[in-house]
Each structure stands twice: as C-alpha cells, then as structure tokens.
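Asks: One structure is given below, represented as structure tokens, and several questions about it will come after.
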Amino acid sequence: MNVIYKKYYLCSRRISNAELNDTTHSGEIGTKKKVKRLLSFQRYFHASRLLRGIIPQAPLHLLDEDYLGQARHMLSKVGTWDFDIFLFDRLTNGNSLVTLLCHLFNTHGLIHHFKLDMVTLHRFLVMVQEDYHSQNPYHNAVHAADVTQAMHCYLKEPKLASFLTPLDIMLGLLAAAAHDVDHPGVNQPFLIKTNHHLANLYQASECLDVAEQRQFLGGSKNMSVLENHHWRSTIGMLRESRLLAHLPKEMTQDIEQQLGSLILATDINRQNEFLTRLKAHLHNKDLRLEDVHDRHFMLQIALKCADICNPCRIWEMSKQWSERVCEEFYRQGDLEQKFELEISPLCNQQKDSIPSIQIGFMTYIVEPLFREWARFTGNSALSESMLGHLAHNKAQWKSLLPKQHRSGAGGDGGGGGGGGPDPRPGTEDEEPTGTEGDAA
C-alpha cells in the first residue's frame with residue numbers, strides 16, 4: 001500500500017471501529033448515529049475506490065448508430081459555449097464524462113505526449129465516473145462533465161492558451177473531471193454536525209502528516225472536508241489504475257500535489273482569498289504567465305469559474321441546473337427535519353425559493369468572479385457572452401420572484417436559473433451568507 005492510501009484506509013478503519021464500540025457500550029443510537037447509518041449505506045455501496053479497493057468493470061453499452069453519430073457531431077463542437085451536456089449525456093447512454101475526457105485527451109494531444117495507454121485511461125475515467133453518485137440531483141457525473149467542458153473552453157482563451165503546457169492542460173482537465181468525485185450530496189456542516197465518518201477522518205489530525213495538514217487544511221480541523229476527500233479519492237484511483245505509473249516518480253508526485261491544489265481551490269470558503277489575489281494581479285498588471293506559479297494560479301481561477309458557470313449558460317440549461325441544485329438542498333433539509341436537526345440555510349423548501357437562492361448566488365458569488373475573469377481575458381467574446389447570459393438569467397429570476405412568493409414555496413416549479421455549486425453557508429462551494437443566497 002502506498003503511504004496516503006494506507007493512512008487514509010487505517011484512519012477510516014480506526015474511526016469505524018471506535019464508533020462501533022461506542023454504540024455497543026452505550027446501547028444507544030441517537031440522532032447522529034441514525035443519520036450516519038443512513039449515509040453510510042450510500043457510502044459503502046457506492047464508496048470511493050480508495051477505501052473499497054475495487055476496480056470497476058466497464059459495462060458494455062450498445063448504442064444505436066444514430067445516437068453515436070449525433071454524439072460524434074456534438075464532440076466536433078465541444079468548444080462552443082452552448083454545448084448541451086444533458087443531450088450529450090443521453091446520447092452517450094450516461095457516459096458523458098468518459099466520452100468527453102477521452103475525446104479531449106486526444107484532441108489536446110495528451111495521450112501521445114504523455115504516452116498514455118488508451119485502455120488504462122479509459123479504465124481510470126470509468127472509475128472516476130462511477131465514483132460519482134448518480135442519485136445526487138446535482139453533484140453527479142453530468143456536473144463533472146459540464147465543468148470539464150467549461151474548463152476546455154477556458155483553456156482555449158487566447159490570453160491563456162499560448163502559455164499552457166501539456167501538463168497544465170492535463171491537470172486542468174483531470175481536476176475538472178474529478179473535483180466533486182464521491183460527493184455525498186450533503187454539505188460540510190451537515191457531515192460535521194452528524195459526526196459523519198468523512199468529517200471524523202479529517203478531524204483526526206493524526207491521520208495526516210503535520211506538513212500536509214498545514215499545507216492543505218490550513219491547520220484547521222474540518223476545513224475543506226469534501227474537497228480533501230475529492231482529491232484523496234482521485235489520487236487513490238490514479239494510483240490504482242496505474243495510469244501514470246510509467247512516468248518518473250518526481251513527476252507523478254508533482255501531478256498529485258498540483259491536482260490537490262486545484263481541487264482544494266474550489267472550496268468557496270476561499271472565494272475572497274482568490275478574488276482578492278486576482279484583483280491585485282490585474283490592478284498591478286504583474287501576472288507573468290511564463291511563470292509556472294502564475295499559470296497555476298490562473299488554472300485555479302479557471303476551475304473556480306468552471307465550477308460555478310451554470311448561471312452563465314443559456315437559460316434553458318441554466319434553469320435545469322438550478323432545479324437540480326435546489327432539489328439537492330431540499331433533500332438535505334428533509335433529512336435534517338426527519339432526524340430533528342436544525343434545517344440548514346437554503347435547504348427549507350417551505351421558505352427558500354429557487355429564484356431567491358439564485359439571485360443571491362449570482363449577485364454575490366458569480367458576478368464578482370466573472371467580471372474579473374473578463375478583465376483577465378480582455379473581454380473576450382466568450383466572456384462577453386457569459387456575462388450577457390448571466391444578466392439575462394438574473395432578469396429571468398427577478399421576473400419569477402414575485403410569482404414564486406404568491407404561489408408559496410416551490411412556486412411554479414419553473415425554478416432554476418443559475419444552478420451552480422452549493423450556495424449554502426459554510427458549504428464546500430459557497431461562502432458564508434448573510435441572507436439566503438447572499439455571500440459575504
């Protein structure tokens with residue numbers, strides 16, 4: 001076993017045994033235990049390969065030739081912003097992430113450059129795709145494919161593209177594809193207050209080297225629980241698949257650390273940190289993309305943009321994402337209500353409407369970041385298009401807001417306009433909010 005795999009596995013086993021002993025001695029199963037048991041059912045039947053040690057077998061998918069032809073035609077336009085990931089997922093029989101990544105790795109010449117084995121690459125991508133929970137309305141493999149397609153578009157921006165190395169491109173695509181892998185469909189505060197084993201895993205400081213904790217957790221317990229899990233799970237699958245086993249050890253270690261830095265950047269609790277740094281760089285005009293550190297920083301910004309780009313898509317797609325993300329919120333709220341826990345902000349379907357959630361999300365999270373991204377790109381055609389969609393979608397939400405209030409919570413069900421990662425306070429994808437949907 002490699003070091004990270006062993007520490008991760010042994011730590012998880014120690015926590016599980018301790019929980020088992022506590023339950024035996026106390027003879028009680030409280031609210032937290034019940035919630036943990038419910039989530040554990042999902043966890044152990046669709047868990048990270050990092051803990052299960054199982055290599056999934058890719059199923060045989062038989063598609064009508066017409067569907068394959070349509071999918072191939074869509075891939076020829078994968079760099080356009082109106083790419084319909086929902087349609088593409090249907091055409092590929094639910095294999096949008098695998099199909100998209102195989103195509104992009106080939107298009108960018110990564111398979112040839114890194115001498116990757118195509119069968120091994122496909123096996124790894126199937127592992128990643130299957131480690132997403134299909135029962136999650138939002139945090140699933142389709143979301144990962146959507147973020148990856150957006151990342152591909154951003155990597156083509158002229159201000160950035162000419163400086164990127166093959167390693168930069170591979171890191172950007174891999175981080176986008178795996179940034180939410182094995183997401184449980186609930187937010188970080190929920191995991192902590194229910195004493196879930198993922199929160200315990202990262203709360204137990206003895207499971208991580210001090211240097212690792214300082215670098216990736218900031219010395220704080222329970223910080224970036226989900227992002228750390230996404231990263232660790234990705235590294236476990238990379239090593240298990242042996243996709244990069246033929247590369248020099250120093251190079252694979254660097255890839256693993258850079259993947260961690262990229263995935264951890266998607267923690268929205270660090271939004272102000274990254275936004276302030278980007279504004280300073282643009283104000284001082286001191287970004288030197290020839291420098292590897294500055295390039296990596298812009299890859300982090302690009303991934304953050306891709307992760308929350310749903311409000312910048314055309315209304316029809318943005319609407320679907322919003323319905324999905326709010327459905328995931330409401331499911332958590334229903335779970336909290338069932339076990340007599342305080343309902344988390346934005347998770348109460350009777351009080352938190354989709355339009356109000358989306359307007360706050362767009363105003364306080366999406367607009368500030370994409371305005372600065374547009375400055376970086378020199379107001380490129382793509383940036384102008386995204387900001388145009390964002391303004392239109394926000395107007396759509398404002399027009400739906402009074403109707404939503406009149407008809408009660410849930411409104412006309414036409415919800416959804418921005419989608420985007422979790423805008424709940426303290427979640428992995430949004431900053432703490434003052435009012436519903438508002439971010440600091």
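Placed from the backbone N, Cα and C atoms, the Cβ positions cover glycine too.
TrEMBL annotations: computationally assigned, not manually curated.
Pulled the feature table from TrEMBL, pasting it below:
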- 63-404: domain 'PDEase' (DOMAIN)
- HIS139, ASN140, ALA141, VAL142, HIS143, ASP180, ASP307, GLN358: AMP binding site (BINDING)
- HIS139: active site, proton donor (ACT_SITE)
- HIS143, HIS179, ASP180, ASP307: Zn(2+) 1 binding site (BINDING)
- ASP180: Zn(2+) 2 binding site (BINDING)
- 401-440: region 'Disordered' (REGION)
- 408-421: compositional bias 'Gly residues' (COMPBIAS)
- 428-440: compositional bias 'Acidic residues' (COMPBIAS)
Asks: Is it possible to get the count of other C-beta atoms within 10 angstroms of the C-beta of ASP180 (AMP binding site)?
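Replies: For ASP180 (AMP binding site), the 10 Å Cβ neighbour count is 28.
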Asks: CB neighbours of HIS139 (AMP binding site) within 10 A?
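Replies: The answer is 26.
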Asks: Rounded to an integer, what is the Cα-Cα distance in Å between HIS143 (AMP binding site) and HIS179 (Zn(2+) 1 binding site)?
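Replies: One finds 10 Å between the Cα atoms of these residues.
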Asks: Do you know offhand how many angstrom separate ASN140 (AMP binding site) and HIS179 (Zn(2+) 1 binding site) by C-alpha?
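Replies: Approximately 11 Å lies between the Cα of ASN140 (AMP binding site) and that of HIS179 (Zn(2+) 1 binding site).
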Asks: Take the C-alpha atoms of HIS179 (Zn(2+) 1 binding site) and HIS139 (AMP binding site) and report the distance between them in angstrom, rounded.
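Replies: HIS179 (Zn(2+) 1 binding site) and HIS139 (AMP binding site) have their Cα atoms 10 Å apart.
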